[in-house]
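Written out below as structure tokens is the structure these notes cover.
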Amino acid sequence: MKMILLGPPGSGKGTQAKMLSERLGIPQISTGDMLRAAVKEGTPMGVKAKAKMDAGALVPDEVVVGIVRERLVKDDCDKGFILDGFPRTLPQADALKQTLGDLKKDLDAVISLEVDNDAVVGRVAGRRTCRDCGKMYHVEFDAPAVADKCDKCGGQLFQRDDDKEETIRKRLDVYAQQTAPLIAYYRADGLLRDIDGMKDISGVQQQILSALGCGL
């Protein structure tokens, strides 16, 4: 199963991708995680990505496409993969189509998680991240036992710039302008599956599995 998860920031793509990866036995490919690793390491690619991420804008295509292509040629993608957070623009979608054609890997489905913008802001602005181990919490839905302290390692929790309300709303605007057209792009290809992302995690997962014909 070769698939893409689409949806605005905070729509639950990462959570659903992880669950699907475990259920289907295929890798989750999160461009967000790969980009953050490059930023943390201070690589040339990471420096370019950081400036855009801090401003709530999209990372340049040449950076993201290069990362994704390198990942898709690995052996664990032979039976399938889940792209989480890519593509985000029509040029990226075209580049992905060309890459998959070169690798003889055709997409099976594109899942689009539909959510309310205000709900997204509430989900994302409540996130807190451990400075030491990177474990994530939510002040409402998954709070640590002791405020601002990681349950796992005792490290200090903080709110990433990416998770602040002003940045989130900018990212949602960027999504609407540049990423939402992908829905029409993949609908025209007959690959799109619309999913109600406002249900609970289990409910969303059940919808996705049903749309993929995988059973419950």
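Including glycine, each Cβ sits where the backbone N, Cα and C put it.
Since this is a predicted model, take the numbers as computed values, not measurements.
Which of 30-59, 90-119 counts as region 'NMP' depends on Swiss-Prot, and there it is 30-59. From the candidate list Arg123, Arg171, Arg187, the residue Swiss-Prot records in the AMP site shared with Thr31, Arg36, Ala57, Leu58, Val59, Gly85, Phe86, Pro87, Arg88, Gln92, Arg160 is Arg171.
Look at the binding-site residues Ser11, Thr15 and count other Cβ atoms within 10 Å of each Cβ; Thr15 has the fewest. Listed as Cβ neighbours of the region 'NMP' (30-59) (distance under 8 Å, sequence separation of 6 or more from its ends, same chain) are residues 14, 17, 66-68, 71, 83-86, 88-89, 161-162, 166-168, 170-171, 174, 178.
The residues near the Zn(2+) site, meaning same-chain residues not in Cys130, Cys133, Cys150, Cys153 whose C-beta sits within 8 angstroms of the mean position of the site's C-beta atoms, are Arg131, Asp132, Gly134, Lys135, Asp151, Lys152, Gly154, Gly155, in sequence order. Largest CA to CA distance in the AMP binding set (Thr31, Arg36, Ala57, Leu58, Val59, Gly85, Phe86, Pro87, Arg88, Gln92, Arg160, Arg171): 26 Å, whole number. Cys130 (Zn(2+) binding site) carries a strand DSSP state (E or B).
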